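Q: To start, I am sharing the structure in question, which I have written as structure tokens.
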């Protein structure tokens, strides 16, 4: 267990934002389904990206790692090279690859760690039942064994659990011999993630018609082509630095595509609504020290931003209400419960509701001991508000940032952050 003690300091300077995990997962999978070699550059080898690489190797894909790059020799005819696909704690890896594995008609078992073991997969179980695909699971939890062949046709999928199920099907269905349609039976949340998927499919030569978000039309017998791509910066990660810059002395965030399809790009507009001074320039965003005010924030399309927005709201003038956040309960932790618990430990006033948070802002927080709940976004959100603490902030389980942002603490230091690190036990 790693601990980090942060001495309250206002950060300033420039930081290069790590590449988007969401975009990289999709590029990796599309490249793996082509019949040629694709080169992917600007890759950050977070635990989740490593999980997808290892899982694809289990399906016969050849992947060579370079210095922040990947060379992928695709295999348009995937096969079960290893019958066990371990997804570590990556929900994207698991949910994206299950449908692809189901196109093979061979027995394969998916395993995982931590909260991933419990994250819901009912959307796929319903499909398996309707198509008579054999599956075995432990009361709905991992490990999951499947044996059968996915068929083209009409699919009915809930849109309010996770858009990852839609993405998983969109990767697999173009490979089948017949045409398919995915009908979304509830409001589709996190639409932007599906936009990223369809955009990436298009770059690799695969066409999907889904402009209405109510149904997606997928032609069968499509072929993925090899493509070289550079991974853009991650807006879910820039959120932490924008908040720290607003609470500090100003930060310039580099390596961003300000025309990105990433839904978390809305962080810029949310922060402006709260009073943050932000300027978007070509490939970068500058944030200046700002006084912030509470607002109502609908996070149905940007759930990953909730922890850091809650942290900022806790030191903003007035009251902030974060609504439509029920899905936060089935992430790496119950994020509504986790961020409420930890912010309140250090003097915040956060009220947890079933699907929302009400936050009454304070001038400062007191600091003290908090835990990450083994959740990377909780750890980074707490660090983001450390400059408003009157005493050092000690975060237990700080190593969890490796899941998405291995260089987070190094970047924190580079901007003037004062931290001490130590480990206890293994």
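Please read every residue number as a count from 1 along the shown chain.
Glycine is no exception: its Cβ is also placed from the backbone N, Cα and C atoms.
Note that the structure is predicted; figures quoted are calculated from it, not measured.
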Q: With 21, 91, 119, 164, 377, 403 listed by Swiss-Prot as phosphoenolpyruvate-binding, which of these, 156, 335, 413, is given for the same site?
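A: My reading of Swiss-Prot gives 335 as the candidate in that site.
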Q: Can you tell which of 21, 377 has the most other C-beta atoms within 10 Å, given these are the binding-site residues?
A: 377
Q: Going by Cα-Cα distance, which of the binding-site residues (91, 119, 377) sits nearest to residue 163 (3-phosphoshikimate binding site)?
A: 91
Q: Would you count the other C-beta atoms found within 10 angstroms of the C-beta of residue 119 (phosphoenolpyruvate binding site) for me?
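A: Other Cβ atoms within 10 Å of residue 119 (phosphoenolpyruvate binding site): 20.
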Q: In whole Å, how far is residue 26 (3-phosphoshikimate binding site) from residue 91 (phosphoenolpyruvate binding site) when you measure between their Cα atoms?
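A: That separation, Cα to Cα, works out to 13 Å.
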Q: Please report the Cα separation of residue 26 (3-phosphoshikimate binding site) and residue 335 (phosphoenolpyruvate binding site) in Å, rounded to an integer.
A: 25
Q: For residue 119 (phosphoenolpyruvate binding site), name the DSSP secondary structure in the helix/strand/coil scheme.
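A: DSSP assigns residue 119 (phosphoenolpyruvate binding site) to coil.
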